[in-house]
Amino acid sequence: MSCLLQSIPPNSTFPHLKTPISPPAYDSLTAINKRPKRTLHILAANTSTTSQSKAKRSQEEDDYHSTLKALNSKGRFPRKSLGQHYMLNGSINDELVAAANVREGDVVLEIGPGTGSLTNVLVNAGATVLAIEKDSYMAALVRERFTGLDRVKVLEEDFTRSHIRSHMSSILSSKSPQDGNSSSAKVGITSNKQWLVELLFPLFFPFVQVVANIPFNISTEVVKQLLPMGDIFSEVILLLQDELALRLVDSNLKSSEHRPINTFVNFYSDPEYILKVSRTNFFPQPNVDAAVVAFKLKQPVNYPRVSSIKSFFSMVNSAFNGKRKMLRKSLQHICPSPDTEAALCTIGLLPTSRPEELTLEDFVKLHDLIVKT
């Protein structure tokens, strides 16, 4: 199916929303030429949609002025405590949806829909959207905007505390499979066996994704929560702080920025930096730029083979404790230093190796040699 580390500090003050403000200058996107160039024709209203969907679909362009109008309608301003920075450039939302290759019939989880600008693009692409919004005022705004459109469901929750599997099971069980034996899916859904439902969903709903302009202050939590869900989602497309985005996709060794999160990301996914987004595209304007990153999630069967995932990441976290420590020191509470040195030599590394010098494969081999489970 298609679906953390530093926060971007919001501006210390916000202008009164009813005070005229000049729109920020348009900043062209700097695309990364790793993927074939995508066209945005999939974002147009699909001719096969129902008349009800057409009637309820928002036709108003999401730009600077419409964002202010939407916020003013609820008497709201961006909340620093929630890390709220609203997207002002509709073309970036188009790029997000294009990067996810969202098509008619796809199911998409959106985190922090705000005024519903990205939700609108997803709906226009034909997706069913489950939007999770912590701010009650914004949740109400999105519900009102898409009133009567059964392809949009808004939950007022803190995403970091949400039961995503349960919510997605509910959404998927209400949809008819597009392919395969529908009777088999029906048996799975009505059996009340959660494990069977989760087993059948990847077979009949292969395009369940996460596409989100997430609040920057929960980026690490979101990544950690979503990436191990390869049995539910096929891909996670997130707009993150640019510095964090570069760090998460960086596969270079011997970097001072290499952290346990890099091993975590590569264990559960194949990450790709898609494009950079200038800070001028947000209101209020943050202090740094952002970027779109695509995480292609691995199926559990394709995870690196370790005897225990829990003990594996416990070892990895221990390895990075103490900046620039050699592994024979940082892991001595797990294994005597001489044994760690011997294990490193066995896998072709120096006995003085440091954690940032090891690849994911190296950590897997080291875990098998020194951790007894």
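Including glycine, each Cβ sits where the backbone N, Cα and C put it.
No curator has checked TrEMBL annotations; they are predicted automatically.
Annotated in TrEMBL:
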BINDING   HIS85, MET87, GLY112, GLU133, ASP158, ASN213  S-adenosyl-L-methionine binding site
DOMAIN    92-299  domain 'Ribosomal RNA adenine methylase transferase N-terminal'
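Locations of recorded TrEMBL features on the structure.
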residue: MET87; record: S-adenosyl-L-methionine binding site; Cβ neighbours (10 Å): 22
residue: GLY112; record: S-adenosyl-L-methionine binding site; Cβ neighbours (10 Å): 22
residue: GLU133; record: S-adenosyl-L-methionine binding site; Cβ neighbours (10 Å): 26
residue: ASP158; record: S-adenosyl-L-methionine binding site; Cβ neighbours (10 Å): 11
residue: ASN213; record: S-adenosyl-L-methionine binding site; Cβ neighbours (10 Å): 26
